[in-house]
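Student: Here's the feature list from Swiss-Prot:
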type    : residues                                                     : note
BINDING : LEU57, GLY88, LEU107, SER108, ALA109, MET110, THR111, PHE112 : S-adenosyl-L-methionine binding site
Amino acid sequence: MKIYLYFIGKPKDPHANAIAEDFLARAGRYSPCEMREIRPERIDLWTKHPTARKIFLDPAGKPMDSAAFAAMISKGEMEGRDLVFLIGGHDGLPPAWRARADLLVSLSAMTFPHELARAMLAEQIYRGFCTLRNHPYIR
């Protein structure tokens, strides 16, 4: 299993990805992880990752606690299926992509800047791996 994090658009602050990169580097001990900023008109995630599970962050998505998020990662590991995560841009997700997602997930009922959502998602991925392996980070 490999984890891909895609973000639509670039952050305003060039240092905004540092925290997300740190958590993904830590998660990389358990599974290869890749993070990239994209433009929807230049990539088709279904062609690039035909068998991967597409999990997109959306305010109207399914609320999920950390234990359920870890279970989702575990399922991906057991199936050997890549996980593709996407955080939309300032205008949200492209409607056609939103409709095709395998799962829409909400990080919170609150609204956060996209830069913070990147860090929060990366941290939850790392936390999920730590939960599955009883790593002391989760305590």
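Our numbering is plain: 1 for the first residue shown, then up by one each step along the chain.
Even glycines carry a Cβ here, placed using N, Cα and C.
Context for these features, please: burial, neighbours, distances.
Tutor: A 10 Å cutoff on Cβ-Cβ distances gives PHE112 (S-adenosyl-L-methionine binding site) a total of 13 other Cβ atoms nearby, all chains included.
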Student: Looking at Cβ-Cβ distances, which residues of the chain lie under 8 angstroms from THR111 (S-adenosyl-L-methionine binding site) while being 6 or more apart from it?
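Tutor: The list for THR111 (S-adenosyl-L-methionine binding site) reads PRO59, given in order along the sequence.
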Student: Taking DSSP three-state, what's LEU57 (S-adenosyl-L-methionine binding site) in: helix, strand or coil?
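Tutor: The three-state answer is strand.
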Student: Can you tell me how many other Cβ atoms are located within 10 Å of the Cβ belonging to GLY88 (S-adenosyl-L-methionine binding site)?
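Tutor: Other Cβ atoms found within 10 Å: 21.
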Student: Please give the S-adenosyl-L-methionine site's span as the largest CA-CA distance among LEU57, GLY88, LEU107, SER108, ALA109, MET110, THR111, PHE112, to the nearest whole angstrom.
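Tutor: Taking every pair of listed residues, the largest Cα separation comes to 16 Å.
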